[in-house]
């Protein structure tokens, strides 16, 4: 659903969050998380911008923009300081930061502003999940009675729910567009491609130049071979977010973030769900302990069954009165298993980079499984292993970490570099979230990953845990089901990973991710003060329970 839910096929620190559900001969899928935007609206004081619409005096190209005096002047030899190909969350974040740095900036978009995240991913999915959360609570008689509330006959209007998702996407898309034009970023309409060093083509015959170029073209749903998508009964997340109907029985191929979130939506709206997972367990990308708890909380109590260790080799849409047909084979032996007949099927096998037609051959760049190869500074690498001067690639198109907010962070990092300040983004400190009810969040390494790293680098790891059942705010909400887990080095106090399942886990994770990004050690976090009673005390108790074997910082009296 980045811009939906994600993985890092290049960075060794992350495993795919959505596993393979097609035959090994198919290209590897790339998972995709529902993620938050860096910013929605830029609050501006009295307008100091002159809106212009028409032919650019510099290039002769049609643009729609606003001209603030602070947006810098293009260098004499280039039309722009920076051109960004792709106006998704990553491109948008890069553009805003470029303006802050005084760079004359243009952004090229061949579809709509906001990319996948805003239009077909993070944003509309959150609207559907908001509905599913409320429906789930209202339908839980035991929970409501425990709070002293009497509710009867909770229902929903499918079209109104779908309209809520669509309207939210439109609102955020307009907000992003307005923030770009208000700051004087030229929005160029048309498909963008590289013509040569520092040269870009967009639309039919428009050519512009820039000192630096960022590729931010995102990704599309990955559909394995043998699966026929008709957009009605066999759908990807792009189609499912429109909620054109709620099937009685739907199969979800893939049990990663996309599949898990949609299972939350569909079961809350009355559907029965069957997961089809290629690996031997559901949710293979999560920390194993969190995955086990998630199955107990999010899968077992609901109308969900599952088939693990199987591939869906062929899926045929419903037609002529016949249901959707799904042929399964054993993932290891390749022997036929069974054929499922369902009302609909959602293909949640991840995301694939959208990099075709970018003109990369003009600068001798070869993609790797569709991804644009980059170094740790997002600089594009050509077929000979050399850096391509002044060319960068961010977000899903480079495959480092397929998250909307990761794309934005990479874009900001690149702008820092082209502005003369070196910057390397720490991808291990970037959090991820799954917006089920309750939510799941994570940052850093899982316990198996941490053990592997410890073995390789010859140190020991320690683990601390705390339960939501010990938190006053969670108990007041009658939502004490949950766990927070800390993986760390006792000898240094370094945080290696944090994993949370529980109420508002997606919000709570940022204390841990920011600590990792800033290099804050556990011995310092122990002195942090949290308001009482709040859910943030789950993290407070977690850090305080960690046993570090280093001198703790002495508190400073003020």
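Using N, Cα and C of the backbone, Cβ positions are placed for all residues, glycine too.
The active site, proton acceptor annotation in TrEMBL covers 532. The FAD binding site annotation in TrEMBL covers 126, 192, 217, 218, 219, 396, 402, 403, 404, 405. Annotation comment: TrEMBL describes 254, 255, 256, 257, 258, 259, 260, 261, 277, 350 as NAD(+) binding site. Annotation comment: TrEMBL describes 117-122 as disulfide bond. Feature annotation from TrEMBL assigns domain 'FAD/NAD(P)-binding' to 80-411. As annotated by TrEMBL, domain 'Pyridine nucleotide-disulphide oxidoreductase dimerisation' applies to 430-541.
Farthest C-alpha pair in the FAD-binding residues 126, 192, 217, 218, 219, 396, 402, 403, 404, 405: 30 Å apart. Using a 10 Å Cβ-Cβ cutoff, residue 404 (FAD binding site) registers 35 neighbours.
When each of the recorded positions 126, 532 is scored by how many other Cβ atoms sit within 10 Å of its Cβ, 532 comes out lowest. Cα separation, residue 258 (NAD(+) binding site) to residue 532 (active site, proton acceptor), rounded: 34 Å. Per-residue pLDDT, averaged over the domain 'Pyridine nucleotide-disulphide oxidoreductase dimerisation' (430-541), rounds to 97. The Cβ neighbour count for residue 402 (FAD binding site), using a 10 Å radius and every protein chain shown, is 36.
For the recorded positions 117, 217, 219, 402, 404, 532, a Cα-Cα cutoff of 10 angstroms around residue 256 (NAD(+) binding site) retains nothing.
Only 404, from the binding-site residues 254, 260, 277, 404, place their Cα within 10 Å of the Cα belonging to residue 117 (disulfide bond). Cα distances from residue 217 (FAD binding site) to the recorded positions 122, 254, 260, 277 are smallest for 122. Candidate recorded positions: 122, 254, 260, 277, 532. Nearest to residue 219 (FAD binding site) by Cα distance: 122. Separating the Cα atoms of residue 402 (FAD binding site) and residue 122 (disulfide bond) is a whole-number distance of 12 Å.
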